[in-house]
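Working notes for the structure below.
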Amino acid sequence: KIDLPAENSNSETIIITGKRANCEAARSRILSIQKDLANIAEVEVSIPAKLHNSLIGTKGRLIRSIMEECGGVHIHFPVEGSGSDTVVIRGPSSDVEKAKKQLLHLAEEKACGVRLTQWDWFLQQTKSFTVDIRAKPEYHKFLIGKGGGKIRKVRDSTGARVIFPAAEDKDQDLITIIGKEDAVREAQKELEALIQNLDNVVEDSMLVDPKHHRHFVIRRGQVLREIAEEYGGVMVSFPRSGTQSDKVTLKGAKDCVEAAKKRIQEIIEDLEAQVTLECAIPQKFHRSVMGPKGSRIQQITRDFSVQ
């Protein structure tokens, strides 16, 4: 749990509650965000307006890829038809420079008359081969893993890159794998094996002390919804309120059920080992640390299982 001072308060203290190790990690993350905020840069790049659509690419896939590769910088193109050549890049200064170089390189390719779509150009630059596979949308987060950990392992072990559909894509089942053919085939094999395991539904149970049940079911079962979202749509059923049963039932893909059980056990351990830490953050940074609608704080609470 992360508590910020009230808006009209002069306090610079943020209170973090949770397991000691997680609180320490969350504190480090918040201090890191504060440091990053002091290093945010914004640059303007002049690129002919006629090149903007081709630089953005189909459904924005290429520009999203650049933003991800450059540390999550934000790249803003002017409204179509405005005639403006100014593209704005904002983010950590070193990442902004990387994104600027990539954008200018792409613009130079187009200006030199290379007759390739930007997606084809990207594939050619990586000497890439592509394969599409399908998986239910509810499996995607589990395949990606917390913080992208699982999909990074696939990328590191095979050398292929895996692109999941964006929220606005019509075909939400479609996953694209790109890279050298051997790498793509290996990644395809790994992912299809994972997906096949996810299609095997099992039912299991675990014991949870009734005193902890409320934590999982309050706020309309928010914690359970998060577990289902993270672990392939696994269904977790707690006993009805008022009963003394400690049996919790889980139903879903075997790997997801096992992962969900482990996560529930971790949450219980956190509840039984909570501590409170304070860290001082200048008030002028509070809104930035919180992020839009509290998004940064929410991400930290999820990443480090703190409140």
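Think of each number as a place in line: the chain as shown, counted from 1.
Positions of Cβ are set from backbone N, Cα and C atoms, glycine also.
When TrEMBL is compared with the stretches 37-64, 177-204, the one noted as coiled coil is 177-204. When averaged over the domain 'K Homology' (200-269), pLDDT in the model lands at 88.
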